[in-house]
Amino acid sequence: MLRIGPIAAAAAFARRAPPRHRLAGNRESIPRSRPPALSRGGGGGGGGRVVPVLKTPKGTRDHPPAQAALRERLLGAVVSCFKRHGAAAIDTPVLELRETLMGKYGEDTKLIYELQDQGGELLALRYDLTVPFARYLAMNKVNNMKRYHVAKVYRRDNPATTRGRYREFYQCDFDIAGQFDPMIPDAECLKIVHEILSDLQLGDFVIKVNDRRILNGVFAVCGVPESKFITACSTVDKLDKVPWEEVRSEMVGEKGLSPEAADRIGEYVQLHGGLDLIERLLQDPKLSQNKLAKEGLGDMKLLFEYLTLFGITGKISFDLSLARGLDYYTGVIFEAVLLQQENEHVEELVGVGSVAGGGRYDGLVGMFDPKGRKVPCVGVSIGIERIFSILEQRLKASGEKLRTTETQVLVATPQKHLLAARLKLISELWDAGIKAEMLYKKDPKLLKQLQYCEDTGIPLAAIVGEQELADGVVKLRDVSTREEVDIPREKLVDEIRRRLEP
């Protein structure tokens, strides 16, 4: 999956743009900047060569071959799960109209990278893959779709690279759009999260679930004005990072809630459990009288019944502190969290927090449709960067060497003046679909060729020397066992395929 990096492309574009072009975040324009720090090296005629300081922008990183191979393996496992559940792939532009993104992310709107191109359109780099998907559905009048999308998104966040938080990163999204019976698609999304985290063997995890209708019902019965529901949600969402006392202080001091309302909220949002808690809240004198809360609790009970049939309730926790600060959620919300633990290879896991999240957003498509046509949607996003940070550290601690190529055969020669023979044989293998390499020297030493196989993990070497050419055979060497056997030239491809069968 080779791509031209968007950051590099953006930098190239910026170099061509006139001075009025600006890249902004938090609505702040970057001022007319000075040239990057330069150093002068030796050189002729004119005072030496100017060398720029080389670094990646803050919150971004290069991925050398070993990391790229690990990432590709990880993305392959995730996409395989999405395909197993019948999703089709789509792609959308990295740029969206700024008005498409604004007002969809609550307090996180300030993290959007804003742009203005030379044509005068106000643009922004996409913040996630959900809002572009909703725009796609509305624009193309699609009423029913199960899709996945793997692509980079951009956030002007404070990077925490040890925890897998960057300004440029991949998201892996799975969404179901359409009018279906309650909680069946929602349950499948949770099953997908469970499958992926189990398959990747990341350790113990819990998937927290809640419902925005239940939260809004809690706020209503606790005396919070409806105009403050969204801002209260954003504050409650911090409960997984800070203690209740700090959350309560923010509610009262910054969000303007009364101390009594904050205390009543605290009685609910610190609860977590399973079906028993749902049943208890359905009998709660206040919540049972609130229409929104009653609807949410009824659907939550149904969801747990389906999750029981899937056999995954052991990893599910109904948690009233889960809020997810994005404005567009309307129903069930969920978040998967890895549990800290000791590991035989790693003394302490990377503190990565949430590794997946999602929920129901039934009103988002209607925000883009001229007639307000609604398309109910539910989806999940896998936090691939955070998972990658864990796997990267685990691989480093284990000392395991990861193959960076898929080469199956090295074409080698033992004597001089046999370059033509190598070129002819490797062309035959390429034409047959065999992944093959050779060293780019006319007369490489055989030992050096075989050492290259061992260093890079190539399993087979096809050796053609003067005697093999005379006999019409190729010497096929198993690099790990060092066993060699002469194979008739016309049967070589079939023999290679047979040996490489899983």
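The backbone N, Cα and C atoms fix where each Cβ goes, and this holds for glycine too.
Copied over from TrEMBL, here are the features:
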type	residues	note
REGION	15-50	region 'Disordered'
COMPBIAS	40-49	compositional bias 'Gly residues'
DOMAIN	70-414	domain 'Aminoacyl-transfer RNA synthetases class-II family profile'
BINDING	Asp128, Leu129, Thr130, Arg155, Gln171, Asp175, Arg324, Tyr328, Tyr329	L-histidine binding site
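For Gln171 (L-histidine binding site), the number of other Cβ atoms no farther than 10 Å from its own Cβ, over all displayed protein chains, is 19. Summary: among the binding-site residues (Asp128, Thr130, Arg324), the fewest other C-beta atoms within 10 A of the C-beta are counted at Asp128.
Residues Asp128, Leu129, Thr130, Arg155, Gln171, Asp175, Arg324, Tyr328, Tyr329 are the ones the record ties to L-histidine, and the longest Cα gap between any two of them is 21 Å. In this model, the domain 'Aminoacyl-transfer RNA synthetases class-II family profile' (70-414) carries an average pLDDT of 90. Residue environment of Tyr329 (L-histidine binding site) contains 26 other Cβ atoms, counted within 10 Å of its Cβ in all protein chains.
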